[in-house]
Amino acid sequence: MKIPNCVGIIMDGNRRWAKNKGMLALKGHHAGGEKLKEVVRWVRDADIKHVIFYAFSTENWNRSEEEVSYLLNLIAEFLQKEFENFHKEGGVLHCVGDISRFSLVLQKILKDVEEKTKDNSGPHIYLALNYGGRQEILSAVKKIVAENPKQEDITEEYLAKYLQTGDMPDPDIIIRTSGEMRLSGFLPWQGVYSELFFTPAMWPDFSKEEFLKILEEYGERDRRHGK
């Protein structure tokens with residue numbers, strides 16, 4: 001079976017999952033964190049080299065102060081608790097997005113985990129944190145303008161060097177859970193030729209069976225990249 005090199009995942013539906021079960025939204029985010037750990041194992045078992053999770057968007061700041069605080073604390077707790085297992089299994093962590101708005105404590109945790117895992121052999125796990133596709137492109141353009149390059153030197157490859165994803169390969173697949181059929185600012189530049197999969201399952205209910213089914217369908221698709 002043809003295996004994608006890079007998979008992007010929009011983890012959607014935590015709050016609706018909790019609401020459907022009569023729980024607080026915060027419980028849904030906790031369940032979503034547990035699911036992320038599972039999916040990292042599935043990725044490793046499938047020999048996928050790169051996966052990026054849309055963990056916290058620039059629009060998430062518009063949620064209640066309580067929910068935002070819980071989400072950011074959950075990210076910090078997740079990284080601190082899971083670091084040893086993650087490191088032992090060879091994972092390489094990358095942060096994608098503008099983390100400067102986070103607390104200094106969370107910034108340090110993120111930077112420490114990146115530094116301590118940088119020499120591991122993979123898989124490469126990217127967390128999109130305070131990430132928004134339009135903001136990413138705008139930031140890249142501002143950096144290019146500041147450099148004042150020759151117009152003929154500005155190519156797709158030149159611009160891509162300034163994107164927050166760095167050396168991450170473009171995703172072959174983008175999966176969104178919860179039944180919503182849009183990308184919500186996730187990787188608009190990098191995902192231009194990605195194969196899109198939308199599943200009705202809320203993120204905490206996303207199953208390994210469905211994940212493998214998506215990989216199987218991907219292997220059957222004829223990717224022409226605009227040709």
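Cβ from N, Cα, C; glycine included.
What you see is a predicted model, and the numbers here were worked out from it, not measured in a lab.
Lifted from TrEMBL, the feature list:
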type	residues	note
ACT_SITE	Asp12	active site
ACT_SITE	Asn60	active site, proton acceptor
BINDING	Asp12, Glu195	Mg(2+) binding site
BINDING	13-17, His29, 57-59, Trp61, Arg63, Arg176, 182-184	substrate binding site
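It is 25 Å from the Cα atom of Asn60 (active site, proton acceptor) to that of Glu195 (Mg(2+) binding site).
Under the three-state DSSP scheme, Glu59 (substrate binding site) falls in the helix class. Residue environment of Ser57 (substrate binding site) contains 20 other Cβ atoms, counted within 10 Å of its Cβ in all protein chains. Ranking the recorded positions Asn60, Ser184 by C-beta neighbours within 10 Å puts Asn60 at the top. Recorded residues Trp17 (substrate binding site) and Glu195 (Mg(2+) binding site) have their alpha carbons 26 Å apart, per Cα-Cα distance. Calculated from their C-alpha atoms, the gap between Glu195 (Mg(2+) binding site) and Glu59 (substrate binding site) amounts to 24 Å. The recorded positions listed here are Asp12, Glu59, Glu195; among them, Asp12 has the most other Cβ atoms within 10 Å of its own Cβ.
Around the Cβ of Arg63 (substrate binding site), the same chain contributes Leu71, each under 8 angstroms and 6 or more positions distant in sequence.
When secondary structure is read from DSSP and collapsed to three states, Trp17 (substrate binding site) falls in the helix class.
Counting other Cβ atoms within 10 Å of each Cβ, the lowest count among the binding-site residues Arg15, Arg182 belongs to Arg182. The number of other Cβ atoms within 10 Å of the Cβ belonging to Trp17 (substrate binding site), over all protein chains shown, comes to 24. Around the Cβ of Gly13 (substrate binding site), the same chain contributes Gly28, Thr177, Ser178, Gly179, Ala201, Met202, Trp203, Pro204, Asp205, each under 8 angstroms and 6 or more positions distant in sequence.
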